[in-house]
Amino acid sequence: MLDLKRIRTDFDTVAAKLKNRGVSEDTLTHLKELDEKRRTLLVQSEELKAERNIASAAIAQAKRQKEDATQQIADMQKVSADIKTIDNQLVAIDQQVTDIITVLPNTPHDSVPVGADEEDNVEIRRWGTPRDFDFEVKAHWDLGEDLDILDWERGAKVTGARFLFYKNLGARLERALYNFMLDEHIKEGYQEIITPYMVNHDSMFGTGQYPKFKEDTFELADTNFVLIPTAEVPLTNYYRGEILDGKELPIYFTAMSPSFRSEAGSAGRDTRGLIRLHQFHKVEMVKFAKPEESYQELEKMTANAENILQKLGLPYRVISLCTGDMGFSAAKTYDLEVWIPAQNTYREISSCSNTEDFQARRAQIRYRDEADGKVKLLHTLNGSGLAVGRTVAAILENYQNEDGSVTIPEVLRPYMGGETVISPK
């Protein structure tokens with residue numbers, strides 16, 4: 001959530017930055033006018049309360065002296081009525097301010113490229129060379145069926161579209177991947193966490209999914225619970241409402257969890273395969289950092305995600321998302337896109353973001369600065385390290401062989417009991 005004081009004191013800068021994120025200046029102008037009216041009413045309310053206190057003292061004095069206080073009482077009743085009217089106006093204005101400010105996206109960092117959509121994203125670097133196949137490559141969904149490791153038909157029967165069963169070495173590959181990912185992140189100083197897979201509405205507000213993106217989630221009817229769309233939500237909200245010791249920062253968390261997404265608005269896109277599912281495993285990284293260190297931590301986090309792809313030998317590129325393509329809470333985002341041979345393109349497999357103090361303000365996560373003893377908002381960061389199903393897809397396609405088998409990447413073999421290849425039965 002943005003700082004209302006910042007909007008008030010640096011309106012033009014905030015308006016210019018949010019314009020690049022599709023926010024109309026009229027919206028901010030209306031917010032500023034509401035804030036000004038609110039501040040004026042607060043002054044009036046305080047003045048009237050002071051007047052009421054004086055009148056109350058005068059009435060008490062008159063009664064002690066057995067004087068007639070009828071007029072003073074009438075005057076005080078009018079003042080009290082005026083205060084109530086103003087207080088009611090303030091409640092209404094506060095709600096309007098909340099309704100606006102809670103759906104405003106974060107302001108982009110100055111280094112973020114300005115653009116409207118993914119066409120304006122900027123490629124930063126590439127790693128690895130896509131393999132030159134001398135046979136016709138298969139899509140991962142066909143490989144999965146031929147190898148009897150992915151069962152889409154029964155997934156649809158048991159649940160519905162965009163669900164599947166992992167079987168045999170497919171299940172072992174999925175498990176090997178997330179264990180490998182977690183182990184690599186732990187080596188980099190991340191604390192492993194097993195989170196709840198349901199969170200309450202306050203947690204969804206804290207990380208920015210609510211109220212704006214409710215339609216993208218699965219809520220449990222007649223409860224305050226939501227299935228997590230990412231482990232970012234419980235990991236970040238772990239410290240919601242707390243003041244941390246500045247000496248302990250930065251703090252690194254990692255977790256593997258299922259992610260549940262309704263994929264509202266995705267009808268017709270990626271209807272086959274592992275790219276877009278309603279339920280998938282993801283290894284998440286979350287950091288809590290001091291403001292002056294958060295962008296250095298973003299680079300480290302991105303490198304942690306890249307490390308996984310490099311050790312798996314999967315070609316990828318790093319993209320800096322433009323202002324029009326970033327997520328709601330992000331101030332800056334790097335996407336990692338892995339090479340998918342059957343589609344002859346790169347597809348997103350990780351997204352690493354610095355939200356600065358946007359989530360921390362919503363969730364009230366602060367730290368006490370050891371230098372001056374002041375309590376300040378910290379910065380939160382989050383990143384995929386990695387989306388496991390998409391990594392399975394990338395391995396199946398990049399490591400496929402002409403005979404229909406798939407070679408298991410070397411780093412995963414110890415996690416798969418020494419298996420080296422997945423072969424057709």
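Using the three backbone atoms N, Cα and C, a Cβ is placed for every residue, glycine included.
Source: prediction; values computed, not measured.
A C-beta separation below 8 Å, combined with a sequence spacing of at least six in one chain, links GLU284 (L-serine binding site) to THR230, ALA231, GLU232, LEU235, PHE253, THR254, ALA255, MET256, SER257, ASN382, GLY383, SER384, GLY385. The L-serine binding site feature in Swiss-Prot is assigned to THR230, ALA231, GLU232, GLU284, SER384.
Cβ contacts within 10 Å of GLU263 (ATP binding site), excluding its own Cβ and spanning all protein chains shown: 14. Here Swiss-Prot flags ARG261, SER262, GLU263, GLU348, ILE349, SER350, SER351 as ATP binding site, drawing on sequence analysis.
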Worksheet item: Does DSSP give SER384 (L-serine binding site) helix, strand or coil?
Response: strand
Worksheet item: Beyond THR230, ALA231, GLU232, GLU284, SER384, what residues of that chain have CB atoms within 8 A of the centre of the L-serine site's CB atoms?
Response: VAL233, LEU235, ALA255, SER257, SER259, LYS282, VAL283, MET285, VAL286, ASN382, GLY383
Item to complete: Count the Cβ atoms, other than its own, that fall within 10 Å of the Cβ of SER351 (ATP binding site), considering every protein chain shown.
Response: 23
Discussion item. What whole-number value in Å do you get for the largest C-alpha pair distance within THR230, ALA231, GLU232, GLU284, SER384, the residues recorded as binding L-serine?
Written reply: 9
